[in-house]
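S.K.: Structure provided below as structure tokens; questions to follow.
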Amino acid sequence: MQKLTRNHWIGLGDCFGGITTVYCGEKLKLLTIFLVCVLGCQLLRNIEVEMPRPLKQSLDQSRWLREAEKQLRVLENLVDSNLEEEKLKPQLSMGEDVQSPGKGEPLHPNVRAPLSHVVRAATIDLPRLGNKLPARHHLGKLSGLYQMKGCTFNPEWKVPDISDTHFNLDVVNECPSRNWKYLTPAKFWPKSISYFPVQVGVKPKYPDNVMQHESIVGKYLTRLYEAGILYKRISKHLVTFKGQPYNWEQQHLVNQHHIYDGATSSKINGRQTDRRRRNTVKPTCRKDDPKRDFDMVRQVSNTRSRVRPCANNGGDKHPPESGSLACWGGKESRIIKSDSSRDSSAPVDSRGRPKSTRSFSPLSRRKTTGNHHHSSVFPSSVEATTRGRSTPGKSVSPRDSSAIPVRTSGASDKNSPLEEENVWYLRGNTSWPNRITGKLFLVDKNSRNTEEARLVVDFSQFSKGKNAMRFPRYWSPNLSTLRRILPVGMPRISLDLSQAFYHLPLNPASSSRLAVSDGQRVYYFRKAPMGVGLSPFLLHLFTTALGSEISRRFNVWTFTYMDDFLLCHPNARHLNAISHAVCSFLQELGIRINFDKTTPSPVNEIRFLGYQIDENFMKIEESRWKELRTVIKKIKVGEWYDWKCIQRFVGHLNFVLPFTKGNIEMLKPMYAAITNQVNFSFSSSYRTLLYKLTMGVCKLRIKPKSSVPLPRVATDATPTHGAISHITGGSAVFAFSKVRDIHVQELLMSCLAKIMIKPRCLLSDSTFVCHKRYQTLPWHFAMLAKQLLKPIQLYFVPSKYNPADGPSRHKPPDWTAFPYTPLSKAIYIPHRLCGT
């Protein structure tokens, strides 16, 4: 052969194991024909060995067919035992039909046993559903979602440092996006609102420490107010806030409290009163001042301007320390008198504060007989904005007293508290109710930090009940999507926003719908609170707009989820420089970064969204697996567990389930207990199955290779017969033991083909089979079917072209033309994340 190869060139093409084309001399023709016959026969013999024997027409009575008939009867028995109607039917009374399960054996799982054997054992020893009587609320370290350990009050709680998070509106131009029209400002319009009294603003979570709890809540709200996150109520039409005002707030800013004169009467504090006042107040701007029409000062006519004392601010249960303002209907009241001897154009000192400027005279120190009203902003005089405030968009000269804050002096100075800096007064186009819509309480900041408090805001009326709102949906990546968008083999850096929700400003009219109180004062959220379902949607829009600009401007792969940013780049040194530039870019726009939770330098393994992500794989931390195994070991077989506790347990299992060899159908018995709100009891085999899942830990590859194998096996079924056909032309026909629904018969044949042939993919004309959603079937059969068909790909083929359609009707198979398509829905990936 070597000699022949030197003299002549021989080309061998492999087709069905033979030689298709041979170029040789005349003397080699006979030898070539011999080689073709020998090699072809040998390869055909190998094909016959690999091809399933029962699919040959001459081997219908073979051993393979008898084994297939046996497996089919086992599958049919699983279907016919209707688990859903008999053994998993919840019972409302503990009768003879529902007995407490017997004590199972201690958990000694055979780790080497295949998962399929453990699954079959669990279908024999079934878990049980019980009644609604009280049961165990603890499963290891887990407890029911609504039976959690009571919060412990800490009188030494510290209010965390909250900084002013005011992002610059230049971000709209720097980061062009359509999202900004929903964020500048954000709007919140509930259909209907339930208002509550101010006195119930703090939830009685700690009955033994009510006053201390309210005191710390008050400090927390004050800290939020000083950070510019809350409005503070002054009256029905006036609120104050700190920080820099936004553009939409400037048109409603005022420098003092004005009302229009009128003869309208109102009922305040239970008394019918007349709002007409005869005392006039000299305006703070000069008559001939050319800048008196300044955009942030609400000018009112001399003859119609009146200073209106503060109405009740929700603090009538606590008398003020420095005296109270006038009651509208009281006999003896404090009247604010005008002092026309002073001019508002007094000289200004170096700090921008008028020297002994008196626009209003001090209040009389007369005791009142009416109800006391608490006002923290005007304790004994009417104060406007104070020093240190700059007018946005327009410079203010010291001589222009119309824009300079005024304050009282003289007798009232010694009784008034220190003036507040950078305070703005807003008279919006809405009314500010003296009621609340949400309630507050404090808890530990987290399990590792019990020294600082966390404020919990309960606005649940907007997510459930008669006032429930349908909040907009937004794209959130699941595990499958995250695997497909993460780049492979790149160093990564994670960034975390500080106080992310407090970056999102609200429309003032929307803020009036989000009212809270510490029992004395009423506050309204100026920024998005964390207790409203709209806030995550707004934060998603916010970070998505930033992430798109970061990716475009710095040429780096960027992914954002809520307040987390993930940056990836092939060059670690370049990524390190980019991260510093990104932080500087965000900080220049007023967006704060939490450097405690930010990766300082590029790393190859990072923790993101609870997953451990390295260059090529995603996995769950080993500590989490150990905790879950410990919980499963502490399951007591035969005891009833409350459904709320099971709900907590299922949540942990669902998170790790994609990293196991199991499927969601294995958790269906616990889902049945949760849905029907009944007790649940574990069987010994079911507990072993759950433990087996945590032992078969696997890691998921990033950017998995998608293979589209050529289908070689097709299945079809009629109510009485089923068939399996192979692309080689062989087929096998089976008779069912009874008539069932057609989708069940189709699934039986697909499972049988998987057990006996083990193909990489299957053809079926049943959409029920191709979608792999078997929740309506009995649990043990659905679990087995899901486990069998999960690793293979199912293609849908129309019945007209199904190759197995002929054998199921006693006709020959036809593999000449069969158009097929996968029915699995394509995973949605945003355009900017594609191509990585």
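Cβ coordinates come from backbone N, Cα and C, glycine included.
Note that the structure is predicted; figures quoted are calculated from it, not measured.
The Mg(2+) binding site annotation in Swiss-Prot covers Asp496, Asp563, Asp564. Taken from Swiss-Prot, the feature compositional bias 'Basic and acidic residues' covers 285-296, 331-342. The compositional bias 'Basic residues' annotation in Swiss-Prot covers 364-375. Under the heading compositional bias 'Polar residues', Swiss-Prot lists 377-400. The annotation domain 'Reverse transcriptase' is assigned in Swiss-Prot to 424-613 on the grounds of sequence analysis. Marked as region 'Terminal protein domain (TP)' by Swiss-Prot on the basis of similarity to another entry: 51-250. The annotation region 'Spacer' is assigned in Swiss-Prot to 251-414. Per Swiss-Prot, the feature region 'Disordered' maps to 263-417. Sequence annotations record features per position, and here Swiss-Prot assigns region 'Polymerase/reverse transcriptase domain (RT)' to 415-703. Look at Swiss-Prot and you will find 704-836 tagged as region 'RnaseH domain (RH)', backed by similarity to another entry.
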S.K.: Can you tell me how the residues of the region 'RnaseH domain (RH)' (704-836) break down into helix, strand and coil by DSSP?
M.R.: 41 helix, 26 strand, 66 coil
S.K.: Sort out the sequence-distant neighbours of Asp563 (Mg(2+) binding site) for me: same chain, 6+ apart, CB within less than 8 Å of its CB, listed by position.
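M.R.: Result: Asp496, Leu497, Ala500, Leu539, Thr543.
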S.K.: Give me the mean pLDDT over the region 'Spacer' (251-414), rounded to a whole number.
M.R.: 42
S.K.: Quick one: which residues besides Asp496, Asp563, Asp564 have a Cβ within 8 Å of the Mg(2+) site's Cβ centroid, in sequence order?
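M.R.: Sorted by sequence, the hits are Ser494, Leu495, Leu497, Ala500, Tyr561, Met562, Phe565, Asn594, Lys597.
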S.K.: Counting across all protein chains shown, how many other Cβ atoms sit within 10 Å of the Cβ of Asp564 (Mg(2+) binding site)?
M.R.: 16
S.K.: According to DSSP, does Asp563 (Mg(2+) binding site) fall in a helix, a strand, or coil?
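M.R.: In the DSSP reduction, Asp563 (Mg(2+) binding site) maps to coil.
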S.K.: Other than its own, how many Cβ atoms are within 10 Å of the Cβ belonging to Asp496 (Mg(2+) binding site)?
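M.R.: Cβ-Cβ neighbours of Asp496 (Mg(2+) binding site) within 10 Å number 16.
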